[in-house]
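What TrEMBL annotates here:
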ACT_SITE  24  active site
ACT_SITE  42  active site
DOMAIN    9-97  domain 'Acylphosphatase-like'
DOMAIN    207-397  domain 'YrdC-like'
């Protein structure tokens with residue numbers, strides 16, 4: 001019997017990150033491979049495809065689209081929207097011009113590292129782009145930072161002002177070329193150029209600005225270099241005096257500087273790298289990865305003083321590679337900004353603001369439309385088989401990739417936390433979390449916050465029905481929310497948002513038990529929360545347990561001077577007699593200072609109450625003499641963790657009490673402080689051993705509290721969130737301890753555990769509450 005060949009015409013809508021990533025050429029090639037005719041084009045929903053051919057070939061074609069798409073693409077959905085029997089309509093397969101529709105659902109690719117093929121051309125003397133600092137192709141280069149609007153075509157980017165030369169235009173139009181429809185495509189003839197300027201903005205006369213930059217760096221100069229999403233301050237890390245000068249000019253005494261290397265082998269000279277960390281370093285996002293230091297003669301000790309780790313990234317632009325390769329095993333590449341202000345990304349502003357910090361500027365004339373910081377991540381090895389990515393700052397390389405969001409059809413604008421701010425916009429089943437914005441107390445960052453909201457609403461065409469903000473009445477974000485008079489506002493408690501964020505991150509529904517440990521968050525009772533055990537779901541929650549309140553003498557000042565917190569807890573225990581304790585934290589203070597602080601504590605003058613686990617870590621760090629005052633956020637807790645010396649010779653558990661009252665458990669940490677004082681006075685234990693005992697006790701305390709709550713509620717699903725879980729020891733050991741007790745334990749995967757993930761949780765809670773109050 002003669003075989004019947006089924007011929008069809010089928011139209012598909014492909015959604016996801018499918019523009020600017022070589023997707024249409026990929027579709028063209030596989031259409032040819034399977035002998036299909038028709039067309040493909042970009043539209044405002046993604047990519048539209050119509051194919052004509054045999055059914056089996058169409059089936060293989062769609063399989064390749066779903067499972068073998070280009071590395072930078074993310075296929076979220078392939079939807080059949082029309083089909084009919086073939087009428088031999090097409091005789092070839094073509095790529096058609098983009099369509100712009102009224103509704104936009106296109107996803108935009110993040111900025112991407114320079115690919116290996118472009119790198120080969122960059123260093124090939126026979127290539128016409130030899131040493132061209134803006135070489136790129138469909139598989140690499142700037143995306144999010146240069147987009148003004150969609151669809152992602154050159155006229156809607158900051159490359160619009162660079163008309164392509166004949167050679168570039170030919171590549172751009174050649175379906176089989178690697179640069180087919182590469183929107184930033186350019187070369188020496190037609191593209192952006194670099195220029196070297198002095199500290200006052202005067203052009204440096206030179207035929208080779210990059211070689212001159214290398215020479216200046218070798219001489220110990222501080223360079224402000226424009227990258228993908230902003231400027232870096234760049235210094236040779238082997239030049240001890242230059243590093244010290246950068247610290248002095250930037251007024252950054254101890255906070256670690258990030259390092260950038262061209263090759264993985266270079267990093268191995270000064271850092272230990274696990275397989276997990278190696279994979280993160282070479283991943284397409286090219287984030288800063290926290291790595292354990294290796295004893296070396298290459299890097300100045302001032303790069304990351306009193307710290308066991310370096311933050312290291314591999315070069316991700318051609319310009320970085322040109323400066324580094326063959327010249328430096330690493331360079332300091334720290335965000336170029338004045339203290340507490342956003343990273344500088346505009347040329348005029350850079351020369352204005354960095355005057356007095358940078359000796360020279362290496363600039364270029366490709367405009368950055370959206371500032372984007374470097375992302376920061378860490379590899380977490382939970383056991384021999386399970387490794388995790390922990391995102392600390394989600395920005396370049398990850399943004400604006402969406403998070404799956406199944407929490408309702410309501411479009412939400414969530415304004416995030418006051419510190420480490422991100423905003424989140426939801427549309428359908430996607431949540432778009434912004435790049436890291438910063439601390440909103442700074443006016444320039446608040447302006448950046450407002451600009452980011454406007455830009456993301458525009459490029460994703462999202463009109464929110466509801467705004468989510470923090471519960472704190474005085475936050476800038478809260479005030480912004482209520483200034484948008486046309487929209488209802490849902491206020492969300494900080495730690496409930498943390499819990500919800502981790503739930504969305506793991507596609508969980510309630511009820512769950514949330515262990516939420518951080519530095520600060522406005523509580524329902526007006527106190528500062530931060531050591532919370534919550535039970536609930538997206539709609540509701542209740543406080544099941546918390547660290548019993550202690551004081552912050554001096555309020556915000558206590559955060560920068562943790563010895564005040566330790567003194568507050570000790571005064572709760574010993575009263576006036578605290579002055580007689582023969583321990584360093586007391587003996588270092590004069591009687592007048594002690595009397596003033598004790599009076600503040602006893603009379604509760606400017607000494608707000610807190611349950612904060614973050615502040616508890618700070619207090620113990622001060623008590624043990626690890627860090628009594630800090631130069632940057634989290635320093636006391638970081639150094640306390642890094643001081644750990646594991647000693648298994650005795651029972652490491654310290655005393656604490658879990659006291660149940662009216663259905664809520666309070667965790668009394670005063671017995672632990674009393675025991676630590678006793679151990680310090682015995683003078684038999686190192687700081688590191690006592691740090692270990694404290695950390696071990698916190699793990700056991702968390703586990704025991706969770707077990708008691710499970711026994712009472714039956715809830716076995718548990719989420720871990722909050723900035724304290726950036727403590728690697730605490731996270732890993734808590735995870736292991738809870739798993740050993742048969743809990744289902746979830747931690748963050750795609751968003752930060754710190755306040756950078758808050759906006760996602762706010763969005764989920766607001767969507768549920770809005771749906772609940774507006775349902776028929």
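FYI, residue positions are counted from 1 along the chain as it appears here.
Cβ coordinates come from backbone N, Cα and C, glycine included.
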Mean predicted confidence [pLDDT] for the domain 'YrdC-like' (207-397): 95
Rounded inter-Cα distance in Å - residue 24 (active site), residue 42 (active site): 8
Per-state residue totals over the domain 'Acylphosphatase-like' (9-97) - DSSP helix, strand, coil: 24 helix, 40 strand, 25 coil
